[in-house]
Structure formats: C-alpha cells, structure tokens
C-alpha cells in the first residue's frame, strides 16, 4: 500500500463519500428548527402558519430531495467519466458542493425555504455523480487498486460515510451547532472538505485503466501505475489491461439500454439491481433520516436523544472499520450476507420492542440496540460492498452503464424511503419495520444463491465465472 494510493483513497473518501454520509444525517437534529423556520416564513408571507400535514410534507421533501438530486446526477455519470475521466469528474463535481453550501448557508438570512430545498438537491446531484452511490469514487478506487487490495480500498469510502454520519451527529449536539441560530452553518459546513479535495485532487494521476483501455495512452497508464503501485515493474499489470482492451476491441462502450438487453451479462445486471435496490429498501435511510423521531417513539427522554444518536454513530464507525479490515480475509459474500441478515433480524426486533414497550419498560433499550444493530450490520457490508461488486462484476465496456443502473435504483429507492417513511410510520406504526425486514432477508438469500465470491480475482476471471 503506497503513500500515493493511500493518500488519494483518503482524499476522495474525505471530500466525497464523507459528504454523502454527512448529508444523510445532517437534517436529523435540526428538524425542529428547520420546521420552525418554514412556519415563520410561511406566516410572514401569507399571514397564517402551516398545518401539521403540509409542514410534514414540506419537510419530507427537504429530506428526500437530496436523493432526487442524486438520481439526476447518477444519470450523468456515464457521460462525465467518459469525457473527463474519473479524477476529472470528481474535481468538476466538487464545485457543486460550494454552490449548495451557499444556498443553504444564506437561506435564513434571505428568508427562503426554497434555498434549503435547492441546496439539498444540488448536494444530491454531487453525491449522485461522484460519491458512494454513483460511484466515481468506487469506480476510481477499484481501477487504481491492485487486486489484493481492491476490497480493502473499496470499503474505505464506506468508513468515511459512517464518519460523515458521526460528524453530523456530533456537530448537531446542543453544545455545538444544534442551536436554532446555527442550523444554516450546520447544513453548509460541507464546503470545507470539498474545498480541500478541489485543491489537492489535481496532484494525483488519472485511473491507469481509463488511460490505457479508453484513451490508449500506454505511457500515461504506465506512469500512473508507477505512482500508485510504487514499483518500477508494472509490465504484468499493463499486459492484463492490454488483454482486457483486446477483448473489448470489437466492443464499444455500451449504453444503459444495451446493458439491459445484453443476455451475456443478465445475471450480473440483475445482481446489481437486487443489491443496490435492497441496500436502500433495507430501511437504513429511514434510520439515518429520522433517528431522533424513532428514539422518541421508543420512549427515550428527549434530553438524552442527541447523545444516544452520537453513540450509534460511534458504533457505525467501528463496524465500518471491522468490515474494511476483514473483507480481504472473509471475502465479499460473507460480509454482505451477514450484514443483511443482521439488519433484517434487528428490523423485526424494533417492531417487537415498540409493540411491548408500554407493558415492558426496558423494551425501549431493546429498540436502541436494534437501531444500533441495523446500522452496524449495514456498515460492515451492505454500505460498501455493492459498489465494489458493481466494479468487479463487469468489464470496462459495461462498467459505466452498470453504475448508472445501480446508482439510479439506489437513489430512486433512497428518495422513496425518505419521502414515504413518515407517512408509513403514521399509518402502519411499529409494523412498518417488517417491510424492511422482508427486504433484507430476501436480498441475503439472493446473494447466497446467485452471487459468486470475487476476492483476489481479475475482472476477466469474474466475467468468465458468470459466463
């Protein structure tokens, strides 16, 4: 693991993946203050306050518009990575964070709830283009890493997602930025890591696979490999990439429609669809977006909720580290199967604890333990392995289209859960978590039956396994 390889992994994870995690959780603690701002603005404009229903609808839109922006961004990934490369796409997309931070930071000064919603959608656009869900980060890291480190480096972004959630929970404490006057700053602090990435990313080379296979730049690819691998002898890697290039010489970069119609990769495509959709329909976004509400419904005293939330965030980071440092020993399949099974069992546990909490007071602590279990199970495997698998299951010609398919479904399901969950919770009560339980167990079963282990295999070897 060379200094350049580690540095670029940490930089893109800090400047992109961490922002995704931060924006998942940042709307949780200031929810009361943002709703009060919406109400006050509405009263100033129209002379009356918002009713509870429309206010819930407006706030749900604020939460879920992030995913809608991500969906739009995901559709642009193929064009961006083909035109600008992996490194270039990350640099250009970082400018969106600065724009989004400006909208959200000045929204209260200008008395505009619309600016909060627009800022959230632009942040989603950035995350859809280059973060965990759409994937230039896992695509870039998957292509620059040697195969024996691909799993480790592929899960580093998931640790930074957990760190982003954790930082949002810590900064949201009443002693820090959790006060009413600080919530615009709380939403816009994302400009700091984005600015650092923008300044430093140009110091690192483009993906060697992109340079050789798509740009036929053997000199540039060799130079980049020397930098990333830290060894003068990279001929074996060059030959492996040339072999892939030769096998793709008669194949153009496929579109999404061509990918969906290509029978030779139908099981890879179906696997990407199932795992990416299942990751979001597992209920993890409901947990992140509405942690405080879930704990409040579980009977946790309001004064203790922010600190309980921070405790769950710390456990997320530990779980992410466990997944990162064990993936090359255990493989991809055990982590993702175990993670989904743990999430499914804990979702059922939340339902049971909520139903019994009136008669059994200590059941509130079971609810907290189940929330922690869902988050820990997610961070150990499902948080990062699906995006790593998307890079590993396809050759260069199909990879961008596969990321568009997986990412689009990911964001669409993210939006659906974020928007629908408050209303589902109101109508179904504790039983709403059984939906997430069923999804998690079905995805675990599918991976067990269909998806092969990809540890320490080249992209061509993995393709041949499916063939």
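Note: Cβ is positioned from N, Cα and C throughout, glycine not excepted.
TrEMBL lists transmembrane segment for one of the ranges 117-140, 213-236, namely 117-140. Here the domain 'Major facilitator superfamily (MFS) profile' (9-455) returns a mean pLDDT of 82 for the predicted model. The transmembrane segment (57-81) makes no contact with the transmembrane segment (334-356), as judged by fewer than three Cβ pairs under 8 Å among residues 6 or more apart in sequence. Note on the transmembrane segment (305-327): residues 25, 28-29, 151-152, 154-156, 158-159, 161-163, 165-166, 168-170, 172-174, 178, 291-292, 295-296, 335, 339, 368, 371-372, 375-381, 383-385, 455 of its chain, located 6 or more positions outside it, place their CB under 8 angstroms from a CB of the stretch. Counted over residue pairs separated by six or more positions, the transmembrane segment (93-111) shares fewer than 3 Cβ pairs under 8 angstroms with the transmembrane segment (334-356), which leaves the two as not touching. Of the candidate ranges 183-204, 334-356, 362-389, 430-451, 362-389 contributes the most Cβ pairs within a distance under 8 Å of the transmembrane segment (152-171).
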